[in-house]
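Here is what TrEMBL records for this protein:
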{"type": "BINDING", "residues": "Cys198, Cys202, His287", "note": "Cu cation binding site"}
{"type": "DISULFID", "residues": "Cys198-Cys202", "note": "disulfide bond"}
{"type": "DOMAIN", "residues": "160-323", "note": "domain 'Thioredoxin'"}
{"type": "TRANSMEM", "residues": "117-136", "note": "transmembrane segment"}
Amino acid sequence: MRARASHLRALLSRALATSLPPPPPARALPQVTSSARPSSLASTERGIFSRITGLGASPFGAAFLPRARFFSADASAAAQGGSKPPAAAATGGDGGGDGQSGKSEQDAGKSVRGGPVSWLSFLLLLLTGGGVIVYYDREKKRHIEELKNRNSAVKPGQSVGTAAIGGPFKLLNHDGKPVTEKDFLGKWTLLYFGFTHCPDICPDELQKMAAAIDKIKEKAKLDIVPVFITVDPERDTVEQVRDYVKEFHPDLIGLTGTKDEIRQVARAYRVYYMKTEEEGSDYLVDHSIVMYLMNPKMEFVKFYGKNYDTDSLTDGIIKEIKEHK
């Protein structure tokens, strides 16, 4: 087996030796590294190469080993940060190799004095950051104090954030007499917008209103004026409104008017209404389901939606009147 392997290795070496061209003489490293590389290192490389490949003594090994040294020299020069390329170092002779080796040793001997951030710059950074934090904290406290002073400067009697609801109007009551918002001055008023042909919601809301004003008078000895304003002026005449309000409470005041007058008062109180499902003279009116509590100056105080029942409406109105006083 060994004889056969040796024979095959010899054949392979001959074939490769004839096919591979000889290395270029300008890039041959044995002459370049004669002074920089010890002869023992070259012999060691040949020994290692021979042990690994078994071709050290063959022509193939002789052709391959200079190329291996050349690439090894390139890698070493790149790692040491040499300024000259390997080819130029190879043509420089022994003096060039000694100069490059000496320069590398000099660079390696230099000590690193410090990183990118020194202690002084780090201290300055800390002082600057601390100053920014202190300044921000001081400005924040000053801003909070200004807000507190502004809030405390508001007088108790001022109205802050009150919705722009309400305004002047001119309508007819259920007795046919002209009525304006001035007729309700000096009294707490509870307004509701609806129409007499409403099948279910308006009757439920008016019954709740009537029961609430009775409870308010019983519990807090307060008189509330209930007012019904139609949003269907075409059908809700004075007579129609008079017959309608009598069904809920004797103190309930019904108001009607022309289309323009109803449109004006609805806009003033931010009330939505629109005809729906019109079939000749039979139609419904879609509208807002809200009661408005107005103070004795006919200024808006609070509104109450459909989600309030009789008890919560009673307690809510009493609470608002007591806080207003």
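Placement of Cβ uses the backbone N, Cα and C atoms for every residue, glycine included.
Where TrEMBL records a feature, it is marked here on the structure.
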residue: Cys198; record: Cu cation binding site; Cβ within 10 Å: 19
residue: Cys202; record: Cu cation binding site; Cβ within 10 Å: 23
residue: His287; record: Cu cation binding site; Cβ within 10 Å: 21
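In the predicted model, residues of the domain 'Thioredoxin' (160-323) average a pLDDT of 93. Other than Cys198, Cys202, His287, the residues of this chain whose Cβ falls within 8 Å of the Cβ centroid of the Cu cation site are, in sequence order, Phe193, Gly194, Phe195, Ile201, Glu205, Val231, Val285, Ile289.
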